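I'd like to ask you about the structure that follows.
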Ligand code: NAD
Ligand code: MG
C-alpha cells in the first residue's frame, strides 16, 4: 500500500524537498493534497506533476486563479480555500501522512487537526509546537498520532535516543543541539543594526524560507528549537544545551548517563531528515550524497556568544515562565521578523521587541484550548506590533 500524503506548505523550501523525495519513490508515496499561501504558478506546476485530489490556497482570489489555470490545463484537482480547508486536507480519512511545512503559527490548527485525526505527522513547522506546547503533545498522545520530527536537529536526536521512550528518564542525561551560528557569527556586533534582509537571508549552508533564515541569523531559530526539543522529548529545560558547529555535519547529540555521547552526522540537506521521517522505521534513499570523510575539513565547535545572540537564552527563560509564555515569544518574533523583512525594523531590534513583549504580556492562565492559544497569539502580536513602533525606521 502506498502512503497517501498531504503536504501543508508544499511550495516552500521543506515542501519542495519533500516532493523531491516523493518523486524518487513513486511506488511508495502518493500525493493526496498540496497547499500554498499565494504561489499560484508554483502550486499549478506541482499539481501537474503530482495530480493531487485537492489543492488549497490562502485566499479566495488565489484559489480562483489556480482553479482557472487548472481548468485550462484539463486537471481535475479541486481547489479549496484556507484556513478551514487546511484542516480538511490534514485530517481527511484517505490521508495517511501529513507533512507540516507551513511557516509560523499559521500551521498550528492544521497540524493539530492531523494529530486529532491520528495521522502520521511529519513536523517541520516548529512554531506550531512552540505555540501549542503541552496542548499539542497531549493531543498527539490522546489520538494516537505518530509524531516524527523533521527539523534536522530533532531528527538527529530522535535517531540517537533509545527506542524505548520509557527508558529515557533513567538513561538520558541531556541533549545537545548544534547550531550553525548563521551568517553573522563573526560579524562585528556593533554593525548588526545595518544588516539588510538580503544579507540575513543568505545562510552559509542552506537555502531556506525567509523567516527561518532571519531566525538563523539572530539564533532565535535555536531558541525555538530548544522549546521544540523540550516538548518533543519531554526534557527539562536544563537538560537541553546548545553548541555552535558551523560546518553543520553533526546534526545534534544525545548524552547518556555514563557520559557516552551519540551523534547523528550527514551532509546538511533537509531531504535526509525528510526521507527519514517519511520512511520511519524503514530507510529509503533521500537523493543526498553521503559524507566523504576523506574529503572533509575539520569539524569545529564553540560556545554561543550571549552578546551577539541575546535571543538564545529567551528559550530557557520562556520555558521556566508560566505556560503560554512560549506562545507569546513566538508571536513577538514573527511580528519582529516580518517588520525587519519589510525594512521597518533594524535587525538588532528584533530581540528587543521579543524581550519587551515577554516583559509586558505575562499569561495569567494556562491556555487550555486551541482558541485560547490563538487568542494569546493575537494579543501578543498586538503588543509586539506596538512595541516595534518604538524603533520603526
Ligand atoms: P517557506 O517560507 O519556504 O515555505 C512556507 C510554505 O508555507 C509555503 O508553501 C507557503 O506558501 C506556505 N505558507 C506560508 N504562510 C502561510 C499561511 N499563513 N497559511 C498557509 N500557508 C502558508 O518556509 P520553509 O523554509 O520551508 O519552512 C517551513 C517550516 O519548516 C518552518 O516552520 C521552518 O521553521 C521549518 N524548517 C525549515 C527548514 C529549512 O531548511 N527550510 C529546516 C528546519 C525546519
Ligand atoms: Mg533546525
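Just so you know, glycine gets a Cβ as well, placed from its N, Cα and C.
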Which candidate from 37, 156, 236 does TrEMBL annotate alongside 11, 12, 13, 14, 125, 127, 209 at the NADPH binding site?
37
Of 87, 94, 163, 225, which one shares the Mn(2+) site with 151, 153 in TrEMBL?
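It is 225, as the record lists it for that site.
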Which single residue out of 119, 126 does TrEMBL record at the 1-deoxy-D-xylulose 5-phosphate site shared with 152, 153, 180, 203, 216, 221, 222, 225?
126
Of all the binding-site residues given, 12, 209, which has the fewest Cβ neighbours within 10 Å once its own Cβ is left out?
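With the binding-site residues 12, 209, fewest surrounding Cβ atoms within 10 Å: 209.
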For the recorded Mn(2+) site, enumerate neighbouring residues of the same chain (Cβ within 8 Å of the Cβ centroid of 151, 153, 225, site residues themselves excluded), in sequence order.
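Going along the sequence, the neighbours appear as 126, 149, 152, 154, 177, 221, 222, 228, 229, 252.
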Near ligand 2, which of the binding-site residues 11, 12, 151 are found, taking a Cβ distance under 6 A to any of its atoms?
151
So which of the binding-site residues 125, 153, 203, 221, 225 sit close to ligand 1, that is, with a CB under 6 Å from an atom of it?
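The qualifying binding-site residues are 125.
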If one measures from the C-alpha of residue 209 (NADPH binding site) to the C-alpha of residue 203 (1-deoxy-D-xylulose 5-phosphate binding site), what distance in angstrom results, rounded to a whole number?
10
What are the sequence-distant neighbours of residue 221 (1-deoxy-D-xylulose 5-phosphate binding site), meaning same chain, six or more residues apart, C-beta distance under 8 angstroms?
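Looking at Cβ-Cβ distances below 8 Å from residue 221 (1-deoxy-D-xylulose 5-phosphate binding site), excluding near sequence neighbours, one finds 179, 182, 212, 215.
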